[in-house]
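*Asks:* Before I ask anything, here is the structure I am working with.
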Amino acid sequence: MGARASVLTGSKLDAWERIRLRPGSKKAYRLKHLVWASRELERYACNPGLLETAEGTEQLLQQLEPALKTGSEDLKSLWNAIAVLWCVHNRFDIRDTQQAIQKLKEVMASRKSAEAAKEETSPRQTSQNYPIVTNAQGQMVHQAISPRTLNAWVKAVEEKAFNPEIIPMFMALSEGAVPYDINTMLNAIGGHQGALQVLKEVINEEAAEWDRTHPPAMGPLPPGQIREPTGSDIAGTTSTQQEQIIWTTRGANSIPVGDIYRKWIVLGLNKMVKMYSPVSILDIRQGPKEPFRDYVDRFYKTLRAEQATQEVKNWMTETLLVQNSNPDCKQILKALGPEATLEEMMVACQGVGGPTHKAKILAEAMASAQQDLKGGYTAVFMQRGQNPNRKGPIKCFNCGKEGHIAKNCRAPRKRGCWKCGQEGHQMKDCKNGRQANFLGKYWPPGGTRPGNYVQKQVSPSAPPMEEAVKEQENQSQKGDQEELYPFASLKSLFGTDQ
């Protein structure tokens, strides 16, 4: 605590402890507030050692001020404490935090007005970083590209080869350069000569197209007038530095040869990026255990190398990013809907594929399995085990609905028999629609007979008993008729022997 509290000593510490936290409040600043401010600065990745000087506190105030509108109350309290400390370092006589903030605003406003007045009175000067600068005589001269820029470019090519990020790197390092500077950058590359040959072919094609669309003027040029640049002039092979400067800086009909040449280089770099990145965006798929964040990084890196318009790239992002994700992430992304932002997708899929997500899926699977064991599947096995010949879905005897048995039914319990509805017996003892055997007992409720009984009803081969009795009665009636009329036929001559 001693090191943190040593920001103020002596008279400054006395002045710090006399300042009130709020107007009219009895509470004043103490050493603990300095300790707290130091810890908060470390939490915000700022250097607490800057609190020891007025310049350091001013830097901290400028750094924290943009975040005040959306910051928390702790951040606002930290900014107020630093403002009070800034006033103490500058020996301003203040009584509370509100006066310190007002004093800070007054000083900053007066400083800005003084700087604005100074800019109006001082002549404007051309930046010395620009390759074409104005010398003391007011002439436009060329400033050679610095060795540091060349070194940064060569290192980028050696480390990144021709990945998609090499294009914005080239655009940043060649800002405002003339063709002479750009050729210097290209000649500094030692390797990748095959790729550079492809780049030269693209430059030659663009130069030929420029000559076709911008034919040179016929006849001699007027005295003092410079010729118009050709394709080879823009490429820097047939033009001098002075001509390139004049074409770029002349007032009327200026031609920015450097910018035109940079566009040609970018076209060639796009082909080289495609050549060094043969993977198509259609082949980028998320692995089963790959984090969604890594998959998004690979997706956008490959998308950056695609030779397509921005509309096509937007369509690829909206369609393929979700389509090529793994099943776990795809299920989450489809639930978010098509209007979800990339931030929402990454937050929703955070942790998918990791041990926590796997444990969660396993717990859900075990919970559903236990639920099934308590209800549906066990009920199916139990009910079908009683009658293996039954076909179709299971049906509840209590409510009459399919899909569960009466044991798991949530409807109110029926009273009496589940089959006929009468009270006094159970369904297993119900005699409604059932047949008794020779012992006077009824068959099982399933409708099947015991195993030692014939399962199908055997149809008898003999005629029914009623037909046999009728036939005997008919024969007896015929015998009576024969005895009543013995002489009605020749049969009576021989008696009953015939």
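Residue numbering: from 1, along the chain as shown.
Heads up, the Cβ atoms here are built off N, Cα and C, so glycines get one too.
Annotation comment: Swiss-Prot describes G2 as N-myristoyl glycine, evidence class similarity to another entry. What Swiss-Prot lists as region 'Interaction with host CALM1' is 8-43. The region 'Interaction with host AP3D1' annotation in Swiss-Prot covers 12-19 and is backed by similarity to another entry. Residues annotated as motif 'Nuclear export signal' in Swiss-Prot: 16-22. Annotation comment: Swiss-Prot describes 26-32 as motif 'Nuclear localization signal', evidence class similarity to another entry. The region 'Interaction with membrane phosphatidylinositol 4,5-bisphosphate' feature in Swiss-Prot is assigned to 73-77; the stated evidence is similarity to another entry. According to Swiss-Prot, the feature region 'Interaction with host PPIA/CYPA and NUP153' maps to 187-225. Taken from Swiss-Prot, the feature asymmetric dimethylarginine applies to R413. Residues or ranges marked as region 'Disordered' by Swiss-Prot: 447-483. The annotation motif 'PTAP/PSAP motif' is assigned in Swiss-Prot to 460-463. Here Swiss-Prot flags 484-493 as motif 'LYPX(n)L motif'.
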*Asks:* Over the span of the region 'Interaction with membrane phosphatidylinositol 4,5-bisphosphate' (73-77), count residues by DSSP class, listing helix, strand and coil in order.
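*Replies:* Final tally across the stretch: 5 helix, 0 strand, 0 coil.
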*Asks:* Can you work out which residues elsewhere in the same chain, 6+ from the ends of the region 'Interaction with host CALM1' (8-43), have a Cβ less than 8 Å from its Cβ atoms?
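*Replies:* Sequence-distant neighbours of the region 'Interaction with host CALM1' (8-43): 1, 50-51, 60, 74, 78, 81-82, 84-85, 88-89, 94-98, 100.
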*Asks:* When DSSP states are grouped into helix, strand and coil, how many residues of the region 'Interaction with host CALM1' (8-43) land in each?
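*Replies:* The composition, in the requested order, is 21 helix, 2 strand, 13 coil.
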*Asks:* Under 8 Å Cβ to Cβ from R413 (asymmetric dimethylarginine), same chain, six or more residues apart: give me those in sequence order, or none if nothing qualifies.
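*Replies:* Non-local contacts for R413 (asymmetric dimethylarginine): N398.
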*Asks:* Looking only at the motif 'LYPX(n)L motif' (484-493), what is the model's average confidence as pLDDT?
*Replies:* 50
